[in-house]
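**Q** As annotated by TrEMBL, domain 'PET' applies to 90-197. Marked as region 'Disordered' by TrEMBL: 191-226. According to TrEMBL, the feature compositional bias 'Basic and acidic residues' maps to 199-211. Taken from TrEMBL, the feature domain 'LIM zinc-binding' applies to 232-297, 298-354.
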C-alpha cells in the first residue's frame, strides 16, 4: 500500500527575474512607483516569477487570522506574533516493483485539503483535472500559485501594501476587511456526501440570499431538508454526486449544499477556488478578487480597491483620480483626449507613436 505523510508548509525561497511573457527580452523586474507592473516591459510582477512559498503562506495566514478559520494558521516562531498558513502538503510514496530491486516513487502535493484520511485526500485529488493537481514541479503547482496571486492579492487585505489610499481611507479599508472576514470569508471542507460538518446538515444557518431577479430555489431541487442517500446533487453542474466520492462543502452555504471538487469555482470567473478559499455572497461562492470588486470598484491603474467616492469612470472601468494617467508617459488625462485599449490609457501623442 502507498505510504502517506501530511505536513505543514516548507518554505522555498527564491523568485524568477526574467519576464516569462517577454521570453527573455526583459531580463529583470523594475518596479513601477504605483502600478503593479514592470516599468520596463509593462508586464505584471507575477510574469517575472511568483513570490516565495513563505510569502504566500504569510499572506494566507494573515487573511485567515482574526477569522473563524484561524485554526488553519500557526504563530511563527520569532515572528512578532505573525501567524502563518499551516498549508497541508501531502507526500505519497508508492512502491515500484517493476525492477529487480523494489524502489519507491514519491509524489509531493504542494497543497491538499486538511483533516482528511489519506485515502479520501487522494480520491479528492483524482477528481481534480490532472493539469490542475498541485504536484510539486508541475504546471498544476504553478497554476495553483498563479491563482493564489490573482484571486487573493495582498493589497486587498493589507492597507500597508496599498499605494492608492488617501488620508482617512485606511480606516475604511480596515473596516472593509474586518467585515468580509466576519461575513463572507470561508474555507471549503472536503467530506463524503452527507458527512459535511460532521454529518450535521441542517444545524448550521444557511445564507438564503439570492441574486436580484433570480427566484429562490432549494439547493438540491427538492425540499430544504437533508436529501436521501443517493440523491445529492452538485450546486454548480446539478449532476448527481456518488455517495462514495468526496465533495466540497462551504459552511456559509449550509451543509445541504455540496460541490464536485472540480465544480467548486468562482461564480464570476469560473476559476477553481485556490485552496478552497471562497467568499460567500448572493447564494454563490466568489474568489477574493471578484468578491471585493462586487462591493467596490477596482482601479484599472493600480489594481487596488477604491475607497474614495470621487473616482474616474470610463466604459465600465474605474480609476483613482491620481491614477487616470497615460501608461507610457504618465501624463494625467483628466479633461484631456485619450485612447483606451485593453484597459490601458494612452494620451494622443503616445497612442500615435505606437
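Cβ atoms are placed via backbone N, Cα and C, with glycine included.
Predicted, not measured: the structure shown is a model, and the values here were computed from it.
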**Q** Counting by DSSP, what is the helix, strand and coil composition of the domain 'PET' (90-197)?
**A** 48 helix, 21 strand, 39 coil
**Q** Give the residue counts of the domain 'LIM zinc-binding' (232-297) per reduced DSSP state, in the order helix, strand, coil.
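**A** The composition, in the requested order, is 17 helix, 18 strand, 31 coil.
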**Q** Count the residues of the domain 'LIM zinc-binding' (298-354) that DSSP assigns to helix (H, G, I), to strand (E, B) and to coil, and report the three numbers in that order.
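**A** Computed counts for the domain 'LIM zinc-binding' (298-354) are 9 helix, 21 strand, 27 coil.
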